[in-house]
There are 2 protein chains.
Amino acid sequence: MLYLIGLGLSDETDITVKGLEIVRKAARVYLENYTAILLVETKVLEEYYGRPVIVADREMVESDSDSILKGAETEDVAFLVVGDPYGATTHTDLTIRARELSIPTTCIPNASIMSAIGAAGLQLYNYGQTVSMVFFTDSWKPTSFYDRVKENRTIGLHTLVLLDIKVKEQSLENMARGRLIYEPPRYMTVGQCAEQMLESEEIRGENAYGPESLAVGAARVGAKGETFVSGTLKELAEGADEVLGGPLHSLVLLGRRTHELEHVFVREFALDKGRWDEVWKRDYEGRT
Amino acid sequence: MLYLIGLGLSDETDITVKGLEIVRKAARVYLENYTAILLVETKVLEEYYGRPVIVADREMVESDSDSILKGAETEDVAFLVVGDPYGATTHTDLTIRARELSIPTTCIPNASIMSAIGAAGLQLYNYGQTVSMVFFTDSWKPTSFYDRVKENRTIGLHTLVLLDIKVKEQSLENMARGRLIYEPPRYMTVGQCAEQMLESEEIRGENAYGPESLAVGAARVGAKGETFVSGTLKELAEGADEVLGGPLHSLVLLGRRTHELEHVFVREFALDKGRWDEVWKRDYEGRT
């Protein structure tokens, strides 16, 4: 059996009891650590499980999945995924491959940022499609996310923006010389995201949102130091990171279809409550 | 401290290790069991936790939350929620009340149907807003969900439809006579939902979808007997329930913005693969 096991969002104790029992008995344990990361090191997991954990990078999962699936017809293989196993396309792929090999699969779900973001106080029912924001470079500023945000905003919905993480990346020079030296990991912050969103609005100019659109920044959702901060995109670009601290960050752009209860909950996190109230009353209150 | 603890979707072992540790030490343990239910009885939870569990019905949570919060300034109160704690509005409300009383709160997230539905094989990124379907009666057929589905379909997105559960409902007669006698619980099935969706399309007539729109029915997501079935809405209305078996059910209506990989994954569950392929090729393949 191939078990796809969600690890939740923060540390080794966020695994479910059911998931932990399977990990402790499985023949092999893999950890997918490139689409998302936990806030603890792999060795912490190994100690907690009492089992060696094989770190599966993108190459292994996408090009060498048969090594992961080897023997899973007769023994149990645990494939651990940060968050919920089916949050990323890659894992659908692995399940399809298992099917082709007649290997049964079981999914043990867990918290995903896509539902845990509910802790920011905006109703999950009012979220539209989720988008991803990648690190812009001088020459590469992909704004395809912008179309999705615009679609959500047009019908009044909130948008969850998932922020880029760069783990195990090589510099162009090291890549060219074939040196397996990796850059330090980089995690996009809410401030960077808000800035890139404003830059994208300037590039596209379709008024999907603006510097005064309200948003919530989130850090380490589901973890001990979980922190939220709210304000206009401009305020978040300038002041969010200082409040939020270290990774992982996410951002939610508010839609106009916003309930009074959401306002009460989210204004508590405002960088500037007076400014929040002003923009809220002008652009959001009572809109449907 | 008020702990809002997600229980996940199926049984007593779906709680996270972190959540379980808190439950076992908390001064009081409440279980919210009216917005969603687990597939096991409360007494199974009590035995597993080794703790008494106070069942909190809607009335207690909405009108008597101060009894839940009593003493939480100095001791730990665990409030257990099926799925993820912030899936429903009610719990935002409880947090706001705790804030007013200066009681700190911590959320322990867990799997929600909103992300666990990823196991049906449709990418979570391609879902729009989630809607709820209530039991229609002869005189009450609320089609407000229809507008939301139409919005999602217009921009090509999938729609998760959460199905009504009726727990601890009184008959009109018993209510009128003040008799606290409750009807047996009722859980909407995928077949009933598909039928009501088709009825709603007939009432509204705006072509948000039709009898040949593709959909996936899901039963007991995240539990041992997890089952999926796919087909046109008409096929699901007629044949889904026999395949799916007992509660809880959910339905996903496909959007046209559908990846080939999603097709491969979902056609495996088709009631009639030939028919699925035919409709897929005609109405979905290659649409953006």
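Backbone N, Cα and C atoms are what each Cβ position is placed from, and that goes for glycine too.
As recorded in TrEMBL, the features of this protein are as follows:
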- B:1-237: domain 'Tetrapyrrole methylase' (DOMAIN)
- B:LEU9, B:ASP84, B:GLY87, B:SER112, B:ILE113, B:LEU163, B:VAL221, B:HIS249: S-adenosyl-L-methionine binding site (BINDING)
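Among the residues the record lists as binding S-adenosyl-L-methionine, namely B:LEU9, B:ASP84, B:GLY87, B:SER112, B:ILE113, B:LEU163, B:VAL221, B:HIS249, the two farthest apart have Cα atoms separated by 17 Å. Here the binding-site residues are B:SER112, B:VAL221, B:HIS249; the one with the fewest Cβ atoms within 10 Å of its Cβ is B:VAL221.
Around B:GLY87 (S-adenosyl-L-methionine binding site), the same-chain residues six or more apart in sequence whose CB sits under 8 Å from its CB are B:THR35, B:ALA36, B:VAL81, B:SER112, B:ILE113, B:MET114, listed in sequence order. In the three-state DSSP scheme, B:SER112 (S-adenosyl-L-methionine binding site) is classed as coil. Secondary structure from DSSP puts B:GLY87 (S-adenosyl-L-methionine binding site) in a helix.
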